[in-house]
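Okay, structure first, notes after.
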Amino acid sequence: MNRRMNFAPSLDFCLVFRYIFSTFFEKGSSARSLIPCFDEPSYKAKWQVTIDYPADMIVLGNMPDEGFTVMKDGWATTSFPPTPPMSSYLFALAVGHFASLETVSKTGVLVRAWAWTGMEKYTEFALKTVVGTVDFMATYFNYSFMMPKLDALALPQYNSQRGAEEHWGVMHIQYERELADPQYTTAWLYFLVASYCAHETVHQWFGNLVTTEFFNRMFLNEAMAQYWETNGIMYAFPEQARMGKFERFRKGLDGFEVDSSPLTSKPVVPDRPKYSTGIIYDKGATLLHMLSNTVSPEVLQLGLQSYLKRYQYSNTVDADLWREITDASASKGLTDWNDRPLNVSELMDPWIYQATYPVLKVVYDGAFVTYSQEPFILNATSVLGPAPYNYQWIIPVFSQTASGNNSHYFVGSDGGSSFWKRPLNGWQVENAGFAGFFRVWYDESTWNPILNQLNTDPLVFDELTRAQFVADAVALRERGSLDWKRVLDIAFLLRNEKELAPWYAFIGTLDLLIDTFENTADWGLLQAFVQKIVQERYSAIGWNITGEWSQDMLSSYITEWACAVDLKGCRELAASSMTTFAVNCERSMSGTGLCNALPPDVRRSQYCWGTYENADPNGVVGKMYDWFAENSKYFERDTDKLLEGMACTRDTAKFNALIADTLTGKLPSKMLGYLGNHDSTGQLLWSYFERNPAEIIYGVPSTLDYMNAAMKKWKKQADVDQAIAFLNGNGAELLSDDDKKAMRSAIQSVNDRIEWIADNVPSISSWLKNHVGDFYE
């Protein structure tokens with residue numbers, strides 16, 4: 001079989017291997033490898049299929065089957081009626097030993113969630129998600145689901161890196177993204193399953209009913225699905241409204257990340273492959289969010305309703321989409337930056353035909369506050385090449401002041417209107433509510449009034465505005481436009497923050513600070529800073545979950561940070577809960593789901609810090625890991641958490657035994673990363689290598705993986721010197737050229753870390769020392 005058709009073995013509930021046949025035809029010469037056809041999205045046809053297959057199996061296709069005929073030789077024949085007109089990549093078949101849960105949605109659609117036999121009980125959550133999304137889409141867009149049924153099929157080995165495919169009427173989904181075991185599923189995993197299932201369901205309208213003309217405009221499919229999936233999830237789970245708001249912000253951050261580097265930034269409509277990147281998903285979805293904020297959700301809804309009706313069963317380009325929203329805007333009398341009827345194409349084309357995104361600069365020149373824009377990637381023309389709009393955008397800016405909110409378009413280099421030249425009269429926040437896809441850089445004069453307001457009453461700003469302050473400061477510091485003082489001033493305000501989004505914006509930076517300062521002279525300062533900012537949230541939600549996904553995610557982060565900096569009570573609770581776990585789970589023959597009283601969201605912290613505190617003398621964490629490795633053929637469940645938990649031991653003999661088991665393949669290679677992260681001395685892996693170089697050279701993991709783990713905690717020139725001494729010594733005779741290259745690569749990473757520390761730690765330490773009194777108030 002080729003890579004677009006797959007025979008995959010699976011274990012059923014009796015631990016018997018069965019085979020599943022499935023198709024994936026979106027890319028390359030795909031559908032034509034099975035059926036002669038015009039194999040591009042612009043060609044649509046009705047597909048009528050008859051298939052022969054083993055009679056003990058079930059066959060699923062785009063349409064409901066018309067029954068089957070069993071033949072003499074143990075085979076059966078099933079026929080499917082013609083599909084509506086559709087592109088070839090949406091054609092799909094799957095054959096296997098399947099079982100399902102099913103229901104009928106409020107809008108009358110038969111929805112079935114399938115898995116291989118014995119696993120169907122884990123599809124209940126996915127079924128609820130798909131049903132809710134079907135009903136949302138049909139109701140909101142006034143367009144009923146157009147197929148007789150909708151199937152969601154969980155596959156054990158899925159041949160698409162994206163994890164799912166929206167085949168019309170029969171969605172194929174990697175099983176981890178459809179199945180959920182309630183005994184082990186965290187809030188984040190629930191949301192991940194919901195996201196994949198809702199995303200593919202939205203595609204039934206945006207992508208299947210109306211299809212992009214060619215793959216370079218895949219944002220017409222993918223941005224739509226990435227944006228509206230959140231609405232579908234919120235319709236299915238209205239109690240998760242806070243998570244829905246956070247998700248708009250998270251997608252924006254992901255869009256920024258891929259669009260901020262010359263290596264990954266490209267237009268939403270690229271002029272060359274690769275067409276399918278994170279740009280079309282997260283940047284595309286956030287641009288739709290910006291457009292919704294600009295024209296209003298109601299106008300966007302009207303425009304998309306018209307878009308679906310006008311182009312049903314056909315293909316489109318971006319101009320078709322913008323035209324429908326332009327007409328809807330005209331019906332409501334919307335005007336543009338020149339008080340003319342709004343042309344949505346003029347607004348949006350600079351955003352989809354240029355790489356990167358704007359930074360809005362706010363500067364007080366001593367007389368007035370003035371504004372300008374520039375691309376986030378500096379020197380964009382020389383780095384990325386020329387752009388059709390010279391790296392300028394028409395920016396819809398939502399502003400907030402003490403007297404209220406307003407919105408204006410920023411056009412050209414200086415804004416294009418008198419609004420963008422004002423006196424410095426109190427604070428004014430731009431991009432309030434994270435309404436647009438751009439960052440804001442304030443100079444000290446325009447930032448200080450905002451900071452004063454944040455210190456006085458931060459709740460004047462909603463959580464996404466507060467989150468954007470954090471995210472913009474972090475990104476602009478990394479860009480070289482701000483210093484650490486701005487970042488840490490904002491981060492210290494997290495001590496009163498109760499929502500996930502502002503914390504999420506600081507996750508990477510906070511983890512970096514903890515890694516950088518651990519085992520250094522100023523660790524106590526950083527420790528006190530982190531203890532101060534997490535204390536209130538830890539007291540409120542540490543180790544606990546409520547069922548509200550955003551708060552449960554925050555609980556897992558806060559709990560881990562609290563233990564990492566030894567906040568009073570955190571490691572003690574980890575130890576006591578580990579003692580209880582060890583007693584209750586020692587003889588478990590069914591995993592940890594029932595015998596561990598702590599929720600799945602915080603078990604990683606429990607296993608790690610409980611092991612660190614030596615609260616598991618009988619090694620129950622290791623025994624449970626072995627049980628899962630042997631018995632849990634599907635799902636991660638607690639397996640990875642237990643694996644990392646073992647790496648948190650402070651017992652040198654146990655640590656060395658874990659290294660040996662990893663090198664022989666008894667433990668997976670990822671264990672090296674966990675050992676490197678939790679080697680508090682920073683020398684145990686390296687010392688093991690010096691004593692046993694042959695074990696590393698000939699072991700299962702790569703030498704590069706081992707060296708990166710061994711040097712993970714290195715921060716000083718003396719650390720590098722010992723590695724260079726080994727390379728120049730007799731021991732290096734055992735190393736191949738590839739091994740030496742791996743060592744030099746790891747050494748270079750340490751040198752980069754040392755350089756970063758020299759450039760950044762003095763200013764961070766200075767800020768910490770200047771504010772140390774605030775940490776103990």
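Glycine residues also receive a Cβ, built from the backbone N, Cα and C atoms like all the rest.
What TrEMBL says about this protein:
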DOMAIN    19-90  domain 'Aminopeptidase N-like N-terminal'
DOMAIN    125-351  domain 'Peptidase M1 membrane alanine aminopeptidase'
BINDING   His199, His203, Glu222  Zn(2+) binding site
SITE      Tyr281  site 'Transition state stabilizer'
Using DSSP and collapsing to three states, where does Glu222 (Zn(2+) binding site) fall: helix, strand or coil? helix
What whole-number Å value do you get for the CA-CA distance of His203 (Zn(2+) binding site) and Tyr281 (site 'Transition state stabilizer')? 13
Near His199 (Zn(2+) binding site), which residues of its own chain have a C-beta under 8 A away, given they sit six or more steps off in sequence? Ala164, Glu166, Ala225, Gln226, Glu229
Taking the mean position of the Cβ atoms of His199, His203, Glu222 as the Zn(2+) site, which residues outside that list, in the same chain, have a Cβ no more than 8 Å away, listed in sequence order? Glu166, Glu200, Val202, Phe206, Gly207, Asn221, Met224, Ala225, Gln226, Glu229
As a test of the contact definition, list every same-chain residue at least 6 positions from Glu222 (Zn(2+) binding site) whose Cβ is closer than 8 Å to its Cβ. Gly207, Ser276, Ile280, Tyr281, Gly284
Kindly state the mean pLDDT of the domain 'Aminopeptidase N-like N-terminal' (19-90) in the predicted structure. 91
So for His203 (Zn(2+) binding site), how many other CB atoms are inside 10 Å of its CB? 25
Could you check what DSSP calls Tyr281 (site 'Transition state stabilizer') once collapsed to helix, strand or coil? helix
Please spell out the DSSP helix, strand and coil residue counts for the domain 'Aminopeptidase N-like N-terminal' (19-90). 6 helix, 28 strand, 38 coil
How many other Cβ atoms sit within 10 Å of the Cβ of Tyr281 (site 'Transition state stabilizer')? 23
On the three-state reduction of DSSP, what should I expect for His203 (Zn(2+) binding site)? coil
